[in-house]
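K.L.:
Submitted below is the structure of interest, expressed as structure tokens.
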Amino acid sequence: MMKFTKKNFIFLVGVIVIYLVDIGVDFWVASKYFCQGQYSWSILILCFRGLSSLITQRFSYEWFKNDCEVTDTGKVKWIFLVHLFQCGIFVRYWFALNYGYQAAFKQKSSGDASETDPSNFIHKQAIDAVTDINMLRVFKTFLETTPQLFVQIYVLMEYDKTNCYQYAAIFISFCAISSSLVDYQISLRKALPDKDEFNELSKFTYLFYKLLTITSWVLSISLITQLSVRIFVILLIFLWACGFAWTLKQRTTFCKSKKMEYLYRIVVGIILIFTFFNIKGRRTKVCISIYYATHTVVTLCILSVYMFWKPAIIKETYFIIVSILTISSLVLGIIFLVVYYRHFHPTTYGKSRAYSDEVDGVAGEKDGVKTGRFQNFLM
């Protein structure tokens, strides 16, 4: 049985602080654009935040309803009102802090492997609560943070005048993307009993694999906006359609209702635009190879088309910088990817029920004990 430690609790507090800072930065950047008369950018940033909030709150509410803690009708109504006012994530953080504090400072995991043991059960509650939060953070990252990153990069390339708050927003966006992916992978490993926890080297390798490949891809796609915003939008829609079609082919069963399952597939399609996301507990060597090979080819094609379409742009400083960052990030990202999957990725496929019978995220019953939402899910 995994333990929720004091270090995990302190890290959880830090994540809450980052979440609050992220909200403040969004409104700060939007207000800056508004004060400068750039109303379209301000509205666009707020729209991304609003859309991501609506979707994450919807998932959070459904998960609360599916949990045994809110089977009472009165509690369901209270939870509904909280999520209606977009505060559901704060309730989740409160529960996570409560469970985490009890697990880290009040309880000690016993040698009994049974999850029915009180001391082990509270550790499991804390881990499951944090895993739910980190899944919602992944949704938020690709529904809000990544689109905002495109906006910030486009503004920097389009206009000569730049400000410190734009660089701050880009830096925070990259930090949010990388931290959400690593945190989710760590919590998922804790939730899955047969997966080894990340050691420091594993975290480092996985972090840079994701961060560098996403950086390269975001920069390369951002270059298209300088050629044509319409082509940029069409490309994103096409990539999303491919990702969505793949989720349909996989026949995911992450949610209990059909409506929520389709919403989940739509969100996963958006995530697949930017990074690989395994939605089934199967070997992914072929899929991930095809995915990043395609990214490499498209990136090279974008740079080539850019140079032939606008040959004069080659002399522009921003194009030289972006091209160097794109290529170097891609090469280093692929190197970290190979190192991670060769030396640090779990090799226990097929050895556990978590990877065979029920591979998506629906909670179930095992020996009379309710399994966590991600006990049967593999990223």
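Positions of Cβ are set from backbone N, Cα and C atoms, glycine also.
Here's the feature list from TrEMBL:
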TRANSMEM  9-30  transmembrane segment
TRANSMEM  76-95  transmembrane segment
TRANSMEM  165-186  transmembrane segment
TRANSMEM  207-225  transmembrane segment
TRANSMEM  231-248  transmembrane segment
TRANSMEM  260-277  transmembrane segment
TRANSMEM  289-309  transmembrane segment
TRANSMEM  318-341  transmembrane segment
K.L.:
Residues of the same chain, at least six outside the transmembrane segment (318-341), with any C-beta under 8 angstroms of its C-beta?
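P.N.:
Same-chain residues near the transmembrane segment (318-341) but 6 or more away: 156-157, 202, 205-206, 208-216, 219-220, 222-223, 285, 288, 292, 295-296, 299, 303, 306.
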K.L.:
Mind checking which residues reach the transmembrane segment (260-277)? Cβ under 8 Å, same chain, six or more beyond either end.
P.N.:
55, 58-59, 62, 138-139, 142-143, 146, 181, 210, 213-214, 217-218, 236, 239-244, 246-248, 252-254, 284, 287-288, 291-292, 379
K.L.:
Considering pairs 6 or more residues apart, do the transmembrane segment (207-225) and the transmembrane segment (9-30) have at least three CB pairs under 8 Å?
P.N.:
no
K.L.:
With Cβ-Cβ distances below 8 Å as the criterion, list the same-chain residues six or more beyond the ends of the transmembrane segment (231-248) that contact it, or say none.
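P.N.:
Same-chain contacts beyond the flanks: 221, 224-225, 265-266, 268-273, 279.
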